[in-house]
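Asks: What TrEMBL records for this protein is below:
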{"type": "DOMAIN", "residues": "22-92", "note": "domain 'NXPE C-terminal'"}
{"type": "DOMAIN", "residues": "253-734", "note": "domain 'Cas1p 10 TM acyl transferase'"}
{"type": "TRANSMEM", "residues": "269-291", "note": "transmembrane segment"}
{"type": "TRANSMEM", "residues": "355-375", "note": "transmembrane segment"}
{"type": "TRANSMEM", "residues": "395-416", "note": "transmembrane segment"}
{"type": "TRANSMEM", "residues": "423-440", "note": "transmembrane segment"}
{"type": "TRANSMEM", "residues": "446-466", "note": "transmembrane segment"}
{"type": "TRANSMEM", "residues": "473-495", "note": "transmembrane segment"}
{"type": "TRANSMEM", "residues": "507-526", "note": "transmembrane segment"}
{"type": "TRANSMEM", "residues": "561-579", "note": "transmembrane segment"}
{"type": "TRANSMEM", "residues": "599-617", "note": "transmembrane segment"}
{"type": "TRANSMEM", "residues": "659-680", "note": "transmembrane segment"}
{"type": "TRANSMEM", "residues": "692-711", "note": "transmembrane segment"}
{"type": "TRANSMEM", "residues": "731-750", "note": "transmembrane segment"}
Amino acid sequence: FKGGDTCEYLLSSGRFLGEKVWQPHSCMMHKYKNSEAKNCLIDKHIVFIGDSRIRQLFYSFIKLINPQVKEEKNKHGNIPFEDKSASIKVDFLWYPEVNGSMRQRIKSWTEGSMAKPHIIVAGAATWSIKIHNGSNEALTQYKINITSIAPLLEKLAKSSDVYWVLQDPVYEDMLSESRKMITNEKIDAYNEAAVRILNSSSRNSKAKVKVFSVSKLIAQETIMKSADGLHLPESSRYTNAMILMNVYCNKIMKPIDGSCCQPQPPLTLIQKLAFCFFTLSIIGYLIINLIHRNNFRKNKSCTDLESGEEKKPAVSTPNASTLEMLLHSFCKLGLIMTYFYLCDRANLFMKENKFYTHSSFFIPFIYILVLGVFYTENTKETKVLNREQTDEWKGWMQLVILIYHMSGASTFLPVYMHIRVLVAAYLFQTGYGHFSYFWIKGDFGVYRVCQVLFRLNFLVVVLCIVMDRPYQFYYFVPLVTVWFMIIYATLGIWPQIVQKKANGNCLWHFGVLLKLICLLTCIYFLSYSQGTFEKIFSFWPLSKCFELNGNVYEWWFRWKLDRYVVFHGMLFAFIYLALQKRQMISEGKGDPLFSNRVSNVLLFISIASFLTYSIWASSCRNKTECNELHPSVSVVQILAFILIRNIPGYVRSVYSSFFAWFGKISLELFICQYHIWLAADTKGILVLIPGYPVFNVLVSTFIFVCVAHEISQITNDLAQIVVPKDNSTLLKRLLCIAGFFSGLLLFSAMQDQSRH
């Protein structure tokens with residue numbers, strides 16, 4: 001790790017991802033929209049001073065504020081621009097040579113009452129080379145002139161952002177006869193002189209003129225696309241303007257996907273308290289461990305010399321072992337959370353933007369499918385959607401979703417639509433699994449509810465505290481939590497109808513169907529009544545859980561996108577369990593699910609439906625329109641997959657242990673990826689090993705999977721302690737948890753007040 005300021009990297013180094021996407025070294029660059037640019041530059045005055053190349057940069061910059069601006073080419077004069085709505089003034093001042101005139105203009109800003117610009121972008125050299133025919137005398141004069149200007153720029157840099165733009169290389173073969181004397185050798189000499197003089201001046205001053213040298217690297221890759229061999233193509237100018245915007249605006253706007261030039265956020269009060277808690281847990285565990293070791297040495301089994309009997313060591317009490325397990329879990333969790341914080345909050349590790357190519361998604365996708373098929377084993381049971389099969393299903397879906405996020409494949413609509421089906425399939429399993437449990441077991445006790453809620457939410461609550469993120473930020477967990485409570489309420493309210501009761505009287509089945517119809521009606525009503533939905537979740541303290549960026553729109557969007565699929569999962573579970581009870585399906589090992597004729601027809605329909613959906617999803621042209629249809633049609637591919645996977649007996653009798661292993665930790669994988677595999681809250685990629693992309697992915701993936709597995713174990717251990725089966729103890733724990741969240745809300749309110 002080289003350390004240093006990411007602003008320096010942004011201004012001096014980087015590489016192209018593909019043909020047009022610029023990746024700064026070590027940090028992420030945000031793509032500013034017009035509205036964001038205006039918000040950042042409101043009441044600001046920016047000046048571009050120099051030659052025709054600086055004029056090009058000026059036009060690219062103001063187009064980020066107003067894309068409708070028309071460019072006046074070959075105008076050798078000053079050009080003003082003003083956006084009255086945001087009180088932004090951007091001026092281009094025509095000074096093609098570094099000479100006395102430029103010095104006088106810069107000096108006027110340092111003296112007298114003239115208002116200083118907030119940003120100054122300067123640069124010139126090619127005119128000096130051209131006018132003086134590339135003579136050495138001109139270079140000497142250039143050095144003298146820039147030496148006289150440097151102290152003035154340093155003086156301005158104390159109150160303004162000052163950038164000196166180095167000269168881009170030229171494409172000598174395309175230069176006209178009048179410009180043939182502008183060679184890359186001459187340009188390098190002028191750049192070297194400018195850098196040496198400006199750096200020498202900055203060493204004697206606290207303020208610093210920022211050297212904009214990254215444009216040279218961009219030009220080296222793109223100058224051959226220039227129209228005249230001297231001026232950059234429009235895409236390169238746009239990249240330079242966006243870099244300038246990132247350098248100035250990132251520290252003001254603080255975009256999530258713009259890590260360049262952003263300072264490390266200060267620790268909040270809640271983060272400091274969490275740090276103290278984990279530190280005390282580590283110290284407590286070490287003390288208890290030390291005491292146990294000393295006791296073990298004292299009571300170590302030894303043979304009594306007289307009797308020849310062995311003395312057994314003292315057995316620790318259950319309370320002591322519970323306390324030790326609790327501290328041990330928090331000790332490990334504290335170390336893991338430190339790694340989370342270092343990866344995605346401290347400016348310790350590098351971050352890079354995502355860049356999608358078909359190969360970056362499909363090659364890993366094919367690779368993990370081959371691996372999954374390789375690890376094929378026989379299932380312990382051959383029922384439809386048995387535990388091993390559902391773990392396998394969760395596992396391969398989660399791995400595909402991880403590849404989708406890492407590769408940035410959301411920009412490719414066919415892949416996006418298929419990934420939406422995978423997310424819907426998770427929610428389908430939520431409906432299927434919880435309905436099946438309540439229907440078969442009839443267990444509506446508090447213990448069951450608390451166990452599920454704890455396992456779903458523990459990691460997310462810890463991350464909300466440590467990473468200073470709202471609960472809704474980890475959208476999938478709020479989604480499955482709310483749907484679990486809806487399923488519980490639907491089946492738990494009077495009359496409670498379970499399988500045992502329904503077997504005694506078939507009319508109870510109609511009661512369940514009536515409940516499901518009522519649920520569907522409520523979903524339909526809320527999906528077309530955004531105002532009612534937002535009012536429900538805008539009440540305090542629900543609003544603290546479901547607001548993101550000050551409103552619940554994101555929660556509304558996420559809920560609406562898969563609003564019917566949980567209902568579909570519940571209905572499928574009801575129909576399947578009814579058919580199973582009446583022995584209308586065959587689930588023996590190797591047996592088809594139905595008679596051969598029915599199985600073949602259903603299998604054909606399923607394959608046709610599966611392919612039809614894929615063809616439709618691949619032909620999508622508008623994300624908004626396809627998202628509107630998705631809630632109603634996603635169930636087609638889900639049901640088709642279930643039937644294809646379960647109708648043939650030999651397919652139902654095997655599973656992939658590789659996928660099933662990942663399926664058991666799928667929730668932890670989904671949440672952990674936000675901060676220790678991806679970066680900048682999933683907007684970028686974490687870089688532990690710069691310069692070796694494949695090796696970096698291997699190392700970061702290994703750590704990521706190990707951490708997810710460890711957190712799964714910690715959650716299971718803590719669930720046994722925090723959510724005991726004894727009702728009186730459970731009630732005490734629930735009161736403690738209520739107190740914890742009340743304190744959290746209080747501290748959160750204090751934080752919000754201090755921020756405002």
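Placement of Cβ uses the backbone N, Cα and C atoms for every residue, glycine included.
Note that the structure is predicted; figures quoted are calculated from it, not measured.
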Asks: Where else in the chain does the transmembrane segment (599-617) make close Cβ contacts, counting only residues six or more beyond its ends and a cut-off under 8 Å?
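Replies: Non-local partners: 414, 417-418, 421, 592-593, 626, 633, 636-637, 639-641, 643-644, 647-648.
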Asks: Could you check if the transmembrane segment (473-495) is in contact with the transmembrane segment (423-440), meaning 3+ Cβ pairs under 8 Å among residue pairs at least 6 apart in sequence?
Replies: yes
Asks: Take the C-beta pairs under 8 A between the transmembrane segment (561-579) and each of 395-416, 423-440, 446-466, 507-526, 731-750. Which stretch has the highest count?
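Replies: The stretch with the most close Cβ contacts to the transmembrane segment (561-579) is 423-440.
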Asks: At a C-beta cut-off of under 8 Å, are there same-chain residues at least 6 beyond the transmembrane segment (423-440) that contact it? List them, or none.
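Replies: That would be 385, 390, 393-394, 397, 401, 448, 452, 476, 479-480, 483-484, 487-488, 491-492, 498-499, 562, 565-570, 572-574, 577, 630, 634-635, 638, 641.
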Asks: Quick one: do the transmembrane segment (395-416) and the transmembrane segment (659-680) reach 3+ CB pairs under 8 Å, ignoring pairs fewer than 6 apart in sequence?
Replies: yes
Asks: Please list, for the domain 'NXPE C-terminal' (22-92), how many residues fall into helix, strand and coil according to DSSP.
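Replies: With helix first, then strand, then coil, the domain 'NXPE C-terminal' (22-92) has 22 helix, 19 strand, 30 coil.
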Asks: Three or more CB pairs closer than 8 Å, sequence separation of 6 or more: does that hold for the transmembrane segment (692-711) against the transmembrane segment (659-680)?
Replies: yes
Asks: Take the transmembrane segment (446-466) and find every residue of the same chain, 6 or more past its ends, with a Cβ under 8 Å from one of its Cβ atoms.
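Replies: Here the qualifying positions are 270-271, 274, 333, 337, 340-341, 434, 437, 473-474, 477, 480-481, 484, 488, 667-668, 671-672, 674-675, 711, 715-716, 718-719, 722-723, 725, 727, 730, 734, 744.
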Asks: Can you tell me which parts of the same chain pack against the transmembrane segment (731-750), counting only residues 6+ beyond its ends and a CB-CB cutoff under 8 A?
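Replies: Hits for the transmembrane segment (731-750): 269-270, 273, 450, 465, 541, 544, 722-724.
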Asks: The transmembrane segment (659-680): which same-chain residues, six or more beyond its ends, come within Cβ distance under 8 Å?
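Replies: Residues packing against the transmembrane segment (659-680) from afar: 28, 256-257, 259, 339-340, 343-344, 349, 351-352, 372, 375, 388, 390-399, 401-402, 405-406, 456, 459-460, 463, 467, 474, 476-477, 686-687, 700-701, 703-705, 707-709, 711-712, 715.
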Asks: Grab the pLDDT values for the domain 'Cas1p 10 TM acyl transferase' (253-734) and give me their mean, rounded.
Replies: 92
